[in-house]
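*Asks:* Taken from Swiss-Prot, the feature domain 'C2' covers 1-130. Under the heading Ca(2+) binding site, Swiss-Prot lists ASP192, HIS378, HIS412, GLU730. According to Swiss-Prot, the feature domain 'PLD phosphodiesterase 1' maps to 333-372, an assignment based on sequence analysis. The feature active site is assigned by Swiss-Prot to HIS338, LYS340, ASP345, HIS668, LYS670, ASP675, with sequence analysis given as support. Taken from Swiss-Prot, the feature 1,2-diacyl-sn-glycero-3-phosphate binding site covers HIS338, GLN529, HIS668, and the record attributes it to similarity to another entry. Per Swiss-Prot, domain 'PLD phosphodiesterase 2' is recorded for 663-690, and the stated evidence type is sequence analysis.
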Amino acid sequence: MAHLLLHGTLEATILEADHLSNPTRATGAAPGIFRKFVEGFEDSLGLGKGATRLYATIDLGRARVGRTRVVDDEPVNPRWYEVFHIYCAHFAADVVFSVKAAQPIGATLIGRAYLPVRELLSGEAIERRLDILDAGRRRISHGPTIHVRLQFRDVAGDRHGWGRGVSGARYPGVPYTFFSQRPGCRVTLYQDAHVPDAFAPRIPLAGGGYYRQGRCWEDVFDAISNAKHLIYLTGWSVYTEITLIRDGTRQRPGGDATLGELLKRKASEGVRVLLLVWDDRTSVESLGMKWGFMSTHDAETADYFRGTDVRCVLCPRNPDAGRSAIMGAQIAYMITHHQKTVIVDHDMPVPRGGGSRRIVSFVGGLDLCDGRYDTQFHSLFRTLDTAHHSDFHQPNLDGAAVTKGGPREPWHDIHSKIEGPAAWDVLYNFEQRWRKQGGDKDLLLDLKAMADLIIPPSPVMFPDDGEAWSVQLFRSIDGGACFGFPSTPEAAARSGLVSGKNNTIDRSIQDAYIHAIRRAKNFIYIENQYFLGSSFAWKADGIRPEDIEALHLIPREISLKIVNKIEAGERFAVYVVLPMWPEGPPASGSVQAILDWQRRTMEMMYYDIAVALEAKRINADPRDYLTFFCLGNREVKLNGEYEPAGRPLDGTDYAKAQKARRFMIYVHSKMMIVDDEYIIVGSANINQRSMDGGRDSEIAMGAFQPCHLNTKGLVARGQIHGFRMSLWYEHLGMLHDNFLNPESLECVQRVNKMADKYWDLYASDELNDDLPGHLLTYPVRVTKEGTVTELPGAKFFPDTQAPVIGTKGNLPPFLTT
């Protein structure tokens, strides 16, 4: 049967199944009353197999898109009555409903039912009892059925969403989410941990002003220093020995204090200081030192604060109670808490009598730990005797140390500060997590009782203020990490949550990306640490795509958006900035596996584009529509530069990179800008770990300025536009009028040409000057058929023997996707 595209939203309800039999049990086909008696007897005495535990799933092609809770006591006629709101971008012949019996390890298939996709394309609601068939699609005796209700809404028919952008100030935000959109906020956007005075591009904004860059770690230092009641932090890593203020021209009183000293001082002043730090369960103690596979310093941080007024809780990523034993172990040892937030009380923007305070929150990609401090210059060698002498970070090169010299690994990241009602949502996320895993719940301040000191959630800007923001908070998290999730699927659905096999998930970050991509008009600009997913659409090239389970939709949504624009004869461009390779030795098994997934993702997208171009008989380079970049730096040696006492071993990658004086700039950003009017910033990578909801815990915000939209003949020229232009100035070393229209062919070809040139300079055997810009073409070749291969003569990353396009590995995809 032909596979048809379902691109839109599928509203599905699984009501019940009837006349089921279980082939794995001797009583599996006995009358229902007898089966319930036998199974109940076994269950109560702990004998035999106990009660049959049934659940149902929904599949589209090679992707599982829905799963009910487990029903324990109805072996014949289980009733679920569960509703699913499913974003879909899948080719499939049928919607497949499977009924399964849960086991301690795995599950037993009872049977499957099929509804042809072609019946959904009209958009009419369908309610039907479908025959449940065996694995060979044969009828089963007793005639079991499953009762379902379905309605599909194609994106092309969504007149109020598809391609509409942020359609106006009343745009309500992403639907079906736990947190609503909050108007009347203020947002500050940050590129990197610090911006020196020397980085000052003049970027015009609407109204005649110019864009002003924020300074993240300065603002975090000030916020912590000025807090009077509370400081709440979450982090993948929090390292007590870093200093936040390192720019000698912008010192502050107490700026030489370490983060640990600063937090202890505030706690001693009576401020409630609570930390939730991910507990890396690989951490061990050896020879008096504490080590962990991920080098997060979690045990050191906990020891540092032990016995002080700071309460630091090491927080393991516990699985939701509904997980199987195997899945629970995978989550506990392979999955992380990845949220990065700082929440403080802060003075009012306009002083009020009585010393009233408000809540301010920081959200983004920057952990308060070592290796994160950097500026837009991303030096490899020139800060080794100043800002990075005590903070030398280079995990990609074995044996690297400041005593042996650079290159250090530069760090590019994006963060945000939220003021107004949405800042309280970040606080509420912390409180939910603390109540689940923080221990003493009484340590959380009762802010309702402190309303005379800290005002309740309220706007900090009037809606008609030209600089006001509307902000919505999104998460990836489940009931294993978050207190207070509804216990029933019905209540979970009303709260914008997804219920599964006895677990409840918030995966609104993925929903936010999908929603923003679908509404995009002209262009998308992405910076992210990873870019892989939509594995259901990968080619079966040495793998079984259905085994990979990197099912999130973001790459496929992007390629289908581009295809739609090609078919409509309209321009659209997508720019994606990635690290050259994931952090770690580039030839290692984990890095190579991720690069392989990344290449498969790129190839899936470029194949979609190539097919669309061929169908329209357009002779164009696929990179005119979708183009990938990485960041790198290369520096000539200056007089007076830091001279290390030692040197790396000859012939190593370290020695080669030091001699060539080059290295990648590590892209750790997690950001998407759409049409210069909407932005998502957070901790979530574009991979399954971050977008799943049941794997790494994440947090992000989506925001826009109602007075700076592409509406009523105007072009968005607010803070988001200024931020993108500032990022492009950082990466390209210049500004150009073409950059004002990123969707234009002139712009994308100019940027590609500059990045090609910068890559050639980066990869060259000669070095005469510093690189004029950091944006490098990602070193792959894209054919007109959409195939992705290495560049001619560039099989390996410079100074390594690590293949650019990766190699298939043996590590579990659950870990590397």
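Cβ coordinates come from backbone N, Cα and C, glycine included.
Situate these features within the shown structure.
*Replies:* Under DSSP, HIS378 (Ca(2+) binding site) is assigned to coil, being neither helix nor strand in the three-state scheme.
Distant neighbours of the domain 'PLD phosphodiesterase 1' (333-372): 186, 190, 193, 216-217, 219-220, 223-224, 226-239, 241-242, 244, 259, 276-278, 280-282, 294, 296-297, 315, 317, 391, 393, 395, 409, 411, 413-419, 422-424, 426-427, 429-430, 433, 452-455, 457-458, 460, 473, 481, 529, 668-671, 681-684, 689-690, 695-701, 812, 814-815; these residues of the same chain sit at least 6 beyond its ends, with a Cβ under 8 Å from one of its Cβ atoms.
If you draw a 10 Å sphere around the CB of HIS338 (active site), it holds 27 other CB atoms from the protein chains shown.
Of all the Cβ atoms in the protein chains shown, 22 others lie within 10 Å of the Cβ of GLN529 (1,2-diacyl-sn-glycero-3-phosphate binding site).
Taking a C-beta cut-off of under 8 Å and a sequence gap of six or more, LYS340 (active site) has these contacts in its own chain: THR234, GLY235, TRP236, VAL363, GLY364, GLY365, LEU366, ASP367, LEU368, HIS415, SER683, ILE699.
DSSP assigns ASP345 (active site) to a strand in the three-state reduction. Under a cutoff of 8 A between CB atoms, and with a sequence separation of 6+ in the same chain, the neighbours of ASP345 (active site) are ALA227, LYS228, HIS229, LEU230, ARG357, ARG358, ILE359, VAL360, ILE454.
DSSP assignment over the domain 'PLD phosphodiesterase 2' (663-690) gives 3 helix, 15 strand, 10 coil.
Just so you know, the Cβ of HIS668 (1,2-diacyl-sn-glycero-3-phosphate binding site) picks up 24 other Cβ atoms within 10 Å once every protein chain is counted.
The 10 Å shell around the Cβ of LYS670 (active site) contains 28 further Cβ atoms across the protein chains shown.
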*Asks:* For Ca(2+), what surrounds ASP192, HIS378, HIS412, GLU730 with a Cβ no more than 8 Å from their Cβ centroid?
*Replies:* GLN191, ASP374, THR375, GLN376, PHE377, PRO410, TRP411, ASP413, LEU631, ILE665, HIS731, HIS774
*Asks:* So, by DSSP, how many helix, strand and coil residues make up the domain 'PLD phosphodiesterase 1' (333-372)?
*Replies:* 5 helix, 17 strand, 18 coil
*Asks:* Roughly how many Å lie between the Cα atoms of GLU730 (Ca(2+) binding site) and GLN529 (1,2-diacyl-sn-glycero-3-phosphate binding site), rounded to a whole value?
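*Replies:* A Cα-Cα distance of 18 Å.
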*Asks:* Below 8 Å Cβ to Cβ and six or more residues apart, same chain only. Which residues does that give for ASP675 (active site)?
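*Replies:* Listed in sequence order, they are GLY165, VAL166, ALA520, LYS521, ASN522, PHE523, ASN710, ALA716.
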*Asks:* When the Cα of HIS412 (Ca(2+) binding site) is compared with the Cα of each of the recorded positions HIS338, HIS668, LYS670, which one is closest?
*Replies:* HIS668
*Asks:* If you take the centroid of the Cβ atoms of HIS338, GLN529, HIS668, the listed 1,2-diacyl-sn-glycero-3-phosphate site, which other residues of that chain have their Cβ within 8 Å of it?
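*Replies:* Counting only non-site residues, the set is GLY365, TYR530, SER669, LYS670, SER683, ASN685.
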*Asks:* For HIS412 (Ca(2+) binding site), which of the three DSSP-derived states applies: helix, strand, or coil?
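*Replies:* In three-state terms, HIS412 (Ca(2+) binding site) counts as strand.
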*Asks:* Hey, how far is HIS338 (active site) from HIS378 (Ca(2+) binding site), Cα to Cα, in Å?
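*Replies:* Their Cα atoms are separated by 24 Å.
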